[in-house]
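In what follows, a single structure is set out as structure tokens and then discussed.
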Amino acid sequence: MASFPPSLVFTVRRKEPTLVLPSKPTPRELKQLSDIDDQEGFRFQVPVIMFYKRKLYMEGEDPVKVIREALAEALVFYYPFAGRLIEGPNRKLVVDCTSEGVLFIEADADIELNQLIGDTIDPGTYLDELLHDVPGSEGIVGCPLLLIQVTRFRCGGWAFAIRLNHTMSDTLGLVQFLTTIAEFTRGAEDAPSVPPVWQREFLAARQPPFIPFQHHEYEQVIDTIPDDNKKSMTHKSFFFGPKEIRAIRSHLPHHHRSTSSTFDVLTACLWRCRTCALGLDPQMTVRISCAANGRGKHGLHVPRGYYGNVSAFPATVLRAGIISTSPLEYAMEGVKKAKAIMTGEYLRSVADLMVTKGRPRYTVAGNYIVSDMTRVGLDTIDFGWGKPVYGGPARAFPLISFYGRFKDNKGEDGTVVLICLPEAALERFQEELKKMTGEHVDGPFDYKPIKVVSKL
């Protein structure tokens, strides 16, 4: 597997956070979120990051100034992002469009971009420095809905990091907003090419509710995972190029090798390795939940420009012992089954379930959620410096892994997977992964983490 950068020490100097407001007056109103948006499973902040190289044709342009000004213009059209959430009866979330603004941080780091990105990328290692968690900003209700940090590197490259309140948008909705910012940075004068559409009633629960599906992803079960598996969580990224994917495919029967997508093969491998690494009881029920986009699904006519959540996490269940000891095809069939569940009717069933069951959280015990962000467009956002050398997820969560696109130093395209596991489980995970890829996998202590010094 790919190696990580050597131990580095760098200093990040940040200015005090400021609030960026819409550049023109916007309506003061209340706007309800949909019954997909405000479920418990979306009440968290999700970070993404983009890295840009120095471009000679942009000499003299300050990315901080360029982004800040374009952001203010974009917020005129996406003014709910400048508001704050309030919670009404039955935990219903509503945006109070106050135009208070979004948090913005200007920063400088005494490091070069190529020192952070090499054969692979591990943004979770240094995310806290490139996206400062402003005290008091981490909540869902009454807090800024976006946090942005633009960090300049001494080489002329820079990073754009953003943290989104997930109840407001899914990743595709975020990309639509970022595309609008990018259009303004490149000289758009009037309005975004795709006007934003609110219409959150589009995914409101039906009256009366109708739940024709069994939603394994929301079943509330007793958590029997050992406490040791919940401590000392460690972040790490893994790069899977064509060579690694071929090695994983070799564990499948011939009839599956050519008919299974890279996502199917990779997700089955990760689910198996993670299940083994956590040492779960063989009789324990485990789940694979695949984040699925509802746009384009039969029976769901999503308005063009809609930037709310249009995603669900359909799941399939198996015994941990089957996943960890059976051939890889068992895990892969579970992945394929989870993907196949998603339809427009399924998403509406989720909305009805939320209202009927009090907006439950997704299952925690034995669940593994994967979100493929390789095709959402984060790697195409051009603020005037061209496409980013990396644009994608910035950090995993204990139950959630994200996939991003990445091209290594050899020019080889592949998938970066962000993982979050307890230290001991991460070591076992890498050993299991080594068996699947047939290559050496750097152990968690084979490299020294990047050291950073923060200064305001």
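Backbone N, Cα and C atoms are what each Cβ position is placed from, and that goes for glycine too.
His166 (active site, proton acceptor) falls within neither a helix nor a strand when secondary structure is assigned with DSSP, and so counts as coil. Summarising the annotation, Swiss-Prot assigns active site, proton acceptor to His166 (among others).
The number of other CB atoms found within 10 A of the CB of Asp382 (active site, proton acceptor), across every protein chain shown, is 15. According to DSSP, Asp382 (active site, proton acceptor) sits in a coil region rather than a helix or strand. Per Swiss-Prot, active site, proton acceptor is recorded for Asp382 (among others).
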Cα distance (Å, whole number) from His166 (active site, proton acceptor) to Asp382 (active site, proton acceptor)
23
Quick one: give me the count of other CB atoms within 10 A of the CB of His166 (active site, proton acceptor).
21
